[in-house]
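A.B. asks: Feature list, courtesy of TrEMBL:
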| type | residues | note |
| --- | --- | --- |
| SIGNAL | 1-18 | signal peptide |
| DOMAIN | 24-123 | domain 'Ig-like' |
| DOMAIN | 132-230 | domain 'Ig-like' |
| DOMAIN | 240-323 | domain 'Ig-like' |
| DOMAIN | 338-432 | domain 'Ig-like' |
| DOMAIN | 440-532 | domain 'Ig-like' |
| DOMAIN | 539-630 | domain 'Ig-like' |
| DOMAIN | 642-742 | domain 'Fibronectin type-III' |
| DOMAIN | 742-909 | domain 'MAM' |
| COMPBIAS | 770-779 | compositional bias 'Polar residues' |
| REGION | 770-789 | region 'Disordered' |
Amino acid sequence: MEVTCLLLLALIPFHCRGQGVYAPAQAQIVHAGQACVVKEDNISERVYTIREGDTLMLQCLVTGHPRPQVRWTKTAGSASDKFQETSVFNETLRIERIARTQGGRYYCKAENGVGVPAIKSIRVDVQYLDEPVLTVHQTVSDVRGNFYQEKTVFLRCTVNSNPPARFIWKRGSDTLSHSQDNGVDIYEPLYTQGETKVLKLKNLRPQDYASYTCQVSVRNVCGIPDKAITFRLTNTTAPPALKLSVNETLVVNPGENVTVQCLLTGGDPLPQLQWSHGPGPLPLGALAQGGTLSIPSVQARDSGYYNCTATNNVGNPAKKTVNLLVRSMKNATFQITPDVIKESENIQLGQDLKLSCHVDAVPQEKVTYQWFKNGKPARMSKRLLVTRNDPELPAVTSSLELIDLHFSDYGTYLCIASFPGAPVPDLSVEVNISSETVPPTISVPKGRAVVTVREGSPAELQCEVRGKPRPPVLWSRVDKEAALLPSGLPLEETPDGKLRLERVSRDMSGTYRCQTARYNGFNVRPREAQVQLNVQFPPEVEPSSQDVRQALGRPVLLRCSLLRGSPQRIASAVWRFKGQLLPPPPVVPASEAPDHAELHLDAVTRDSSGSYECSVSNDVGSAACLFQVSAKAYSPEFYFDTPNPTRSHKLSKNYSYVLQWTQREPDAVDPVLNYRLSVRQLNQHNAVVKAIPVRRVEKGQLLEYILTDLRMPHSYEVRLTPYTTFGAGDMASRIIHYTEHNTCHFEDEKICGYTQDQTDNFDWTRQNALTQNPKRSPNTGPPTDISGTPEGYYMFIETSRPRELGDRARLVSPLYNASAKFYCVSFFYHMYGKHIGSLNLLVRSRNKGALDTHAWSLSGNKGNVWQQAHVPINPSGPFQIIFEGVRGSGYLGDIAIDDVTLKKGECPRKQMDPNKVVVMPGSGAPCQSSPQLWGPMAIFLLALQR
């Protein structure tokens, strides 16, 4: 009967258990990369400290089913809600060469559609120390009348750092302090940018002329070394002084070569000179060499302020500025202003009239204007006045005023603007004054008030201006506040009244205003009109693509809805199945044009399954909704929260893996009959395929299959496909890995990252039966490792001389991130010999420094057998485990450990008896089936007995 039991268990590796394993996302942030320290501050906030330039690596460990999606975001600090970084959709956030500006609070958001998202955060503190800057200032003041002068020198040392830097001042090699020298004072000034310390030398003495060093330190945090800067103070130390070779305002003609020299007149140490230009950089082709600035063939665009700055870190920098003006004139305009007092908008005999002329020039005040009438210079009289700088007009505008307009004043007036003696061409503007000179009117041509075009086409908006002279037309948008024209400007001038738009888009739709300008015409209230632009564009529909699942024989309704379009209506809708045209649906009257199109399928069959397309048109273009209709089962959803899914078998070099999953929406289609499982080793072509039969699968039901005979340490691709009466459903795949770090067999020389403690008395030794010392002490220590093979390695302490009573050997694990509340440390130990001391397991917490706590201890001779221990621990943060072997009273006290496993979760409830011998794999011990199989197996065996 026992043989029958074993055979049946081998044939039934699959079982189902539990209901409703869907669970909301949970998240925890753990660190990797090059963190200096991860700690909890006073308000239990996690702080990750890293050196600038190192690699930041944060991992968001998630649980929940289905597998949560992870999104990383960042804010500048705890008070800011505005995300400043592009979101990263990955469980691992990695930033190479992190900069100080990338410090702040990082958020990990995990969501899977079940419950509310999980959001965790950690503050990243980037540590840095810049080079310090040392500046020198001095004051001279009278003391006691004019008997003598007191000279005080201030050495100011400033540095940017995080954390705040510590300052040390030295004179020569001697450290300065208040208590040792009454002539110095060291203090921190108020209202300074960065970290600053001032060394004050009071009433300068001869011994104060020396070399001074400011040393800054962040106390080697993150391994950042100290930095220093030295300044030598002498009796000639002085701030820089400058003079220029030209006047502060330099006016030149275009095309000239400009050279400006900035001359040092003082300063010790020798100041450094630098030229700059505002606004913008130095002109292309400009050469700044020392104190000389050369600009060849200067142009109008090169006008601006040029600054020469001298610095030597003594006093304030010396600065001289040259305002370079390159003569130029452009934009000649005129205005006709009727009698303002009589509020007239027309030219009338007997009323006053003003003609104005203006050019944009550099320098503006050097422009001269000349007025001509009918080709002759205009003569000043009581009725003809020429003025400059009219307060109601732009600066440096020339106006010709005609008092009490007569018929003889009609004629052609010419205004000429010039730069006397400069090679700059004159600009002129001509104005005709007659009875035909009338103010403008503006209107939209018939049939052009509404312009309708298709998206991507050109458009032309037109307004007609009548009057003499005809002013330019200014265009702007009306219906959108502070909206810009397609050119990017709020106003755009068109001389012919036409606004031309290239490749219009839908956001250009709206109302546009055209209005007359108040220049190059009458200076009166602008006339305006409006044009409506309608941009037509093809429809947008939803869903663009939809997967429709339904059981065989059930009806389906497909709907394609119009989201937006211009015009906003469906002109026609065409349905196709697998590319073939379907009969058109009933015609709907234009007055009842719907915003959607529908197709009814009476029943889903194998023949009616496939791709459906609905093409919707609005006479401008078309868009399509795609539907994939089938009775295929949805893909399985792999369960990633299986506790300790990997189970290794050291003797056979194989491992098994517990594969768990749920079925997505099992009730949407016909019941799943079985699964097709494909297992393929990565980098191999052949796959092992198995069929897994199932009964009725419920939503949220956790299904399980144990993959066996997987070779260590290879990874495998697993593909799982559900089958229904319709056929194959959607396949899901994942990669499973052999997680060697969970169980350490000490087979590799690197011993899984374990290290020997540097503060103990001696070390643990790695060996196997083949490397044992043949002269080793008998009656102590194990003959082989836990597998019983001579090749298997284990760790042990050798207690022979020179070891003494109480000597300790410590083996320290790698640093683990606490990603769970409880852990279980399982290991095998061998404690055989009459002088056995103690074996201790300690947990080293890395929250706030290193704190070791005892978790487990065993002493004395336990026999010549390997035994297993399970030790529960609950670390509150990053941690390490430490195996401590303590030497007993004699040399027959070797202690060994093997197969150390760290698992998330609680330890087995039934603890192993420390004195119970563990049956090794392959020893012929009877197997035990999973507890979930006992119910159905008991019924089956009972029926077999009957």
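Any Cβ shown, glycine's included, is placed from N, Cα and C.
Where the annotation comes from TrEMBL, it is an automatic prediction and has not been curated.
The structure displayed is predicted, hence computed values, not measured ones.
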A.B. asks: Kindly report the helix/strand/coil residue split of the domain 'Fibronectin type-III' (642-742) according to DSSP, in that order.
C.D. replies: 6 helix, 55 strand, 40 coil
A.B. asks: Give, as a single whole number between 0 and 100, the mean pLDDT over the domain 'Ig-like' (539-630).
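C.D. replies: Here the mean pLDDT over the domain 'Ig-like' (539-630) amounts to 91.
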A.B. asks: Can you tell me how the residues of the region 'Disordered' (770-789) break down into helix, strand and coil by DSSP?
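C.D. replies: Going through the region 'Disordered' (770-789) residue by residue, I get 0 helix, 0 strand, 20 coil.
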A.B. asks: Hey, which of 132-230, 240-323, 338-432 has the most Cβ-Cβ pairs under 8 Å against the domain 'Ig-like' (440-532)?
C.D. replies: 338-432
A.B. asks: Should anything in the same chain at least six residues away from the compositional bias 'Polar residues' (770-779) have a Cβ under 8 Å from its Cβ atoms, list it; otherwise answer none.
C.D. replies: 790-791, 798, 800, 832-834, 891-892, 894
A.B. asks: Count up the helix, strand and coil residues in the domain 'Ig-like' (240-323) according to DSSP, in that order.
C.D. replies: 3 helix, 49 strand, 32 coil
A.B. asks: So, by DSSP, how many helix, strand and coil residues make up the domain 'Ig-like' (338-432)?
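C.D. replies: In the domain 'Ig-like' (338-432), the DSSP-based counts are 6 helix, 43 strand, 46 coil.
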A.B. asks: How many helix, strand and coil residues does the domain 'Ig-like' (132-230) contain under DSSP?
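C.D. replies: Each residue of the domain 'Ig-like' (132-230) counted once, the result is 6 helix, 55 strand, 38 coil.
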